[in-house]
Amino acid sequence: MLQEGAHGKWTVSSSDESTEEVSDNEKPSTSSLSHAAQGKTSAPQYSCSEARKAAHKRKASPLKFIDKGFPTEVRPAEKQRPGQEGSGWCLSSSDEEPEDQEKQVHKVTVKEEKNNAPKEHPPDFHQNNKLTGNQKAEEWCGAPSEEQDTWDLLNGGNPFRFFLTKVRGIEQSYNSGALHIKDILSPLFGTLVSSAQFNYCIDVEWLVRQYPQEFRKKPLLIVHGEKRESKAELLAQARPYENINFCQAKLDIAFGTHHTKMMLLLYEEGLRVVIHTSNLISEDWHQKTQGIWISPLYPRLPQGATGSAGESETNFKSDLISYLAAYNSPTLKEWIDNIQEHDFSETRVYLLGSTPGRYQGIDKEKWGHLRLRKLLREGASLVAARESWPVVGQFSSIGSMGADESKWLCSEFQDSLLAAGTSGTSLLKCAVPIHLVYPTVDNVRQSLEGYPAGGSLPYSIQTAQKQLWLHSYFHKWSAEVSGRSHAMPHIKTYMRPSPDFQKIAWFLVTSANLSKAAWGALEKNGTQLMIRSYELGVLFLPSAFGLDKGYFHVKGKLHSESKDPVTSFPVPYDLPPEQYGSKDRPWIWNIPYTDAPDTHGNMWVPS
């Protein structure tokens, strides 16, 4: 339907209406589109969000940009709706009046290409973007890294065990130290006995191909949150594979999702845990910035070891068992037993999860942002609190924050981010800057994928227009430090840097976006925490790495052989973040952008 307001006109589907609290990426599509007639665009066979489907459609049938210096009426056959001209919208936190909406806007011709038509690329990106489909992308990323390189990555000078995914189209040196899913599932990591994959969006056929040939028939458990039609479609995908079983995560609170991304890999030699930010689909491992934490190889405990054996100083083992137990699923009992039988004592990170429910008393601090608050109070240095260090949040989607910052962001959530030491913080919160990193329209337009990259940044116009105040906190995506400025982020990170951004008091990589559904919201005068979704991340605290100063140094260029101390943390994007300029707008997925072409010469008209 066509909507009009203070920020111009836009066209959206009525099915895209946002709920109050749920991050837009967390509202799954309840059914995948069926295959169209032969020769027409077909939707992906896996269930995904409406934003992802729009990106898939635009990749398959691009809308070529034609210079508006030669205005041409849109052909009737294309049926472009009113309000789809121009840059889509203009949101500002100021009170200035929008530009004159009566001004005549040049029309553009929308040319919908056939799926097999060659794409045009600007010179700067021509060499790096020749792939036209997922299979070709897979050919590039699909071969595991050189054996010695991969072995060195796992066992060399990376005490944090934090990695980025490989990105097609960037300078190759920036992929040194990065991993593809085929690297993670490589026999170099262990001789696989069985595995469990926890995820949100899953392409079963693609996933099976990521395993080495010799492991493809090993037992595989897929833990998901699909219901009804999308569940049936997921199970249908797996019908050809007798070794695949499923565990459906219970989602009893409306609009919750199973957003956790984790691999449990049982080997003949031991057990490994991988916590990451990528969906199990080709696009997420191709040209996006994603994060991965890979555990050490956990050896099997001697027979007869006690229940508390093999625990780490961070209590990672018991916390992981508690997280799996929260699913209340007999299917996961086998994996809980596997974890019990292995030695996790080398783990240096803290597990931070969210599970759906309403929690009171001591249970309130087990999950979500109150779990982060507890960990920071117990393990973070007071130096950050004393010196008013800022906080940074970086994410790929945003839920409804309420009418102003006092409703959640700068009240309960900020209280958790600012916790430090046993007494918490007594500083005035207004003295602590909050930097929120989220891509601009130009970040997306100039990205390796072009506008379709915005399919994994599903902030909707319905949510955005209700919280213009939030955009004054926004900062651009820039990642020269990792060569990934043009690889749009699907990674989610939170940290507490020093005022000069040379140190960080802690760092969190997680599946949790900026939403109450993911982090939880207090109810009943603060006596109850309500969480809608499953999320999982790992927290890095200096004390767990033997650093008594209370901070990590921030590493310089990630791929360089710099003289940074081995304990310098590899923050994957540029610090300090750069605030939005007056003309910058946050990427909104469900409105059109037709004023300027992307790196493939295309426009964005999502419907």
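Glycine is treated like the rest: Cβ placed from N, Cα and C.
Straight from TrEMBL, the features:
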- 1-107: region 'Disordered' (REGION)
- His259: active site, nucleophile (ACT_SITE)
- Lys261, Lys492: substrate binding site (BINDING)
- Ser515: site 'Interaction with DNA' (SITE)
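Neighbour density around each Cβ, counted as other Cβ atoms within 10 Å, peaks among the binding-site residues Lys261, Lys492 at Lys261. Calculated from their C-alpha atoms, the gap between His259 (active site, nucleophile) and Lys492 (substrate binding site) amounts to 12 Å. Neighbour counts of Cβ atoms within 10 Å were compared across the recorded positions His259, Ser515; the minimum falls on Ser515. A Cα-Cα distance of 17 Å separates Ser515 (site 'Interaction with DNA') from Lys261 (substrate binding site).
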